[in-house]
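What follows is a short report on a single structure.
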Amino acid sequence: MPSKFSSKYVDTEAISNDDDNPFATAKSYYSKDTDLSTRVSAGRPRTLSTSMEASAAPTIPELKNLRRRGSLDEHKQPRKFLVDVDKTLNALLESEDTDRNMQITIEDTGPKVVSLGSASSGGYRLYELRGTYQLSNLLQELTLAKDYGRRYILLDERRLNENPVNRLSRLIKGTFWDALTRRIDASVLDVICRDTKDRSGSHVNRIYVPKAEQEMYEYYVRAAKERPYLNLQVEYLPEEITPEWVRDVNDKPGLLALAMEKYQDDEGNTHLRGVPFVVPGGRFNELYGWDSYFESLGLLVDDRVDLAKGMVENFIFEITYYGKILNANRTYYLLRSQPPFLTDMALRVYERIKNEEGSLDFLHRAFSATIKEYHTVWTATPRLDPKTGLSRYRPGGLGIPPETEASHFEHLLRPYMEKYHMTLEEFTHAYNYQQIHEPALDEYFVHDRAVRESGHDTTYRLEKVCADLATVDLNSLLYKYETDISHVILEYFDDKFVLPNGTIETSAIWDRRARARRAAMEKYLWSEADSMWYDYNTKLETKSTYESATAFWALWAGVATPRQAAKFVDVSLPKFEVAGGIVAGTKRSLGKVGLDNPSRQWDYPNGWSPQQILAWYGLIRYGYEEETRRLVYRWLYTITKSFVDFNGIVVEKYDLTRPVDPHRVEAEYGNQGVNIKGVAREGFGWVNASYEVGLTFCNSHMRRALGACTTPDVFFAGIKEESLPAFENLSIHKN
């Protein structure tokens, strides 16, 4: 490490901030108000120090024979360090980041010790920081301080050795949610219009607005004129959106408008602004379907009701004008939805705002939109299977999905390219415009689009069969729609729910629909012999044998009888439970992985937040508290372990069988959140949510064990003789 240096003369007593919050957000902690370079005192010299070896300290003759390990002295008050940001950051990376990836992890082979000068000694007395966790936290703090333009900082020791459970939860609540928040209006159009999936080669930004939203259209036209550098085109959507129109507009793709609200500025003028929403990860700018539901669960835990409500409002807007909750709000997604969760989402938000003015109107609008989507999307052709009465993921569309990489389907298409003596571009155009007819290829893309609508892209469970499957996940969700709608009509609208077109809905009809779906699911999806819920192939009229964690959704929705739940927990739960939580599918169902059978991200051994959360709520709904806590601890341990050992990362999914590095997932899409530089800035939406939701299931014993990174097996062995208190204050909708 470099030796100590003299820099500014800083009066450390004058800037002492013992009363300041050491766990404030980075934006607050590294604000200009705490900038040491603005607090210079000419009267008394002090020194700032970078991290350094103790032997490099200046020699004082009178003390040269005294050797004290000041860094190991006991102390009652938390220390504060005076730090030169750039020099300490560079020295830290040089010494500790041995693989040069801008992270400090357990895989780096540096000494794992640095020394910092204390503020109370003016940077003279050095104290050691040891271990991966403290050093990676130091790297994160220095990176953030540099982001905020800080040259020198007064860094509280408590910020470096903070309990990792508290630190991660604090970051999610105070930093990650804000970093993932977007809105669509003039203030952010230059960022929000960017589309990493746009293959058209055009440099034109486009936004498409519903025909009925004239004020919104004029707003964006005005914004385009005021900001010519945006190169923004504002287009009206046609009244009727057809597969042909969606195909044709792939040559000029664009963003789809979302809800806006009116507000008054300080001068009393009225303006429009976008209703905010949360995106799945840092590289996204769109409102996604089922990601938003799980994010809302975490947002509500963290009292970010405004964002959860905003996403419901945006979904109402989408159903009103685009006919469905979209995969995401881009033109190429106009025919594709995602797993529907709107009733539960709206009810949870309503519970938090029910005493506010307009809350009942909010609930009415949300459920009116849900009923429209239910009838026109999920129980209509082509998604409804008339014989079973069950529904399938089966979106419309023509040609090859345009949002994929240009080469994504090249291996599949090459035989056809050779057959017709065409290049990839030539064949793609001819096929998309039905100049070439290949029934086998048509069927492939019907299933491919269905897999994408399911949200489970990709998995061997759904590959080449998805559009024919009445899946347990979709039908559990629709059962939940039916029971929620029945409950809301009866409890909140006196059993008379008037739709915008004047139609009156009663609870009885929705109750009958729910009972009919439950009977059909028991007949076609439930296996008494296997104690398992399976998908049903409506074309072959046979049950699938793939064991998927979506079976837990039947418990979450309340489809299962108590007897079925008991059999499922006794026989099937052990097939999914591994060291890190619930795997997406069982090892038996995956089969042998090889060159011709590569790993898929929604298969064993990977685990995803949606499957964990729905399993927790499903199990606790039927009274399985011990099993719920066990699964919660496993999943939170997986996230916490990666966070502690790998520089604070929070990733999209985890390999639940890897005890050391579960964030490393070997699958076709990689893993978002792995390649951070210095600090994780937003985590991943539904993983953030799963952590916050999971902590609501934890008692103090579990939190302490997680903070100490106690492995699940050790923790469970320690509590085998001990009874844990019952769950309290869990929000579980059992309608």
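Glycine residues also receive a Cβ, built from the backbone N, Cα and C atoms like all the rest.
So that you can see what the record holds, here are the features copied from Swiss-Prot:
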REGION    1-55  region 'Disordered'
MOD_RES   T47  phosphothreonine
MOD_RES   S49  phosphoserine
MOD_RES   T50  phosphothreonine
MOD_RES   S51  phosphoserine
BINDING   D97, D99, N101, Q103, D108  Ca(2+) binding site
BINDING   R283, W290, D291, N327, R336, S337, Q338, G455  substrate binding site
ACT_SITE  D457  active site, proton donor/acceptor
ACT_SITE  E652  active site, proton donor/acceptor
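Locations of recorded Swiss-Prot features on the structure.
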| residue | record | Cβ neighbours (10 Å) |
| --- | --- | --- |
| D99 | Ca(2+) binding site | 12 |
| N101 | Ca(2+) binding site | 16 |
| D108 | Ca(2+) binding site | 20 |
| R283 | substrate binding site | 10 |
| W290 | substrate binding site | 22 |
| D291 | substrate binding site | 25 |
| N327 | substrate binding site | 24 |
| R336 | substrate binding site | 22 |
| Q338 | substrate binding site | 23 |
| E652 | active site, proton donor/acceptor | 23 |
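The 10 Å shell around the Cβ of Q103 (Ca(2+) binding site) contains 25 further Cβ atoms across the protein chains shown.
Spatially close to D457 (active site, proton donor/acceptor) yet at least six residues away along the chain are V451, W602, judged by Cβ distances under 8 angstroms. The secondary structure of D291 (substrate binding site), as reduced to three states from DSSP, is helical. Around the Cβ of G455 (substrate binding site), the same chain contributes G289, W290, Q338, P339, P610, each under 8 angstroms and 6 or more positions distant in sequence. Between the binding-site residues D97, S337, the minimum number of other C-beta atoms within 10 Å of a residue's C-beta occurs at D97.
When the binding-site residues N101, Q103, R283, N327 are ranked by how far their Cα is from the Cα of E652 (active site, proton donor/acceptor), R283 comes first. Rounded to the nearest whole angstrom, the C-alpha distance between D99 (Ca(2+) binding site) and R283 (substrate binding site) is 25. Each residue in E96, T98, R100, M102, I104, T105, E107, N647 lies on the same chain as D97, D99, N101, Q103, D108 and has a C-beta within 8 Å of the C-beta centroid of that Ca(2+) site, without being one of the site residues. Candidate binding-site residues: D291, N327, S337. Nearest to D97 (Ca(2+) binding site) by Cα distance: D291. A Cα-Cα distance of 34 Å separates N327 (substrate binding site) from Q103 (Ca(2+) binding site). D108 (Ca(2+) binding site) falls outside any helix or strand according to DSSP and counts as coil.
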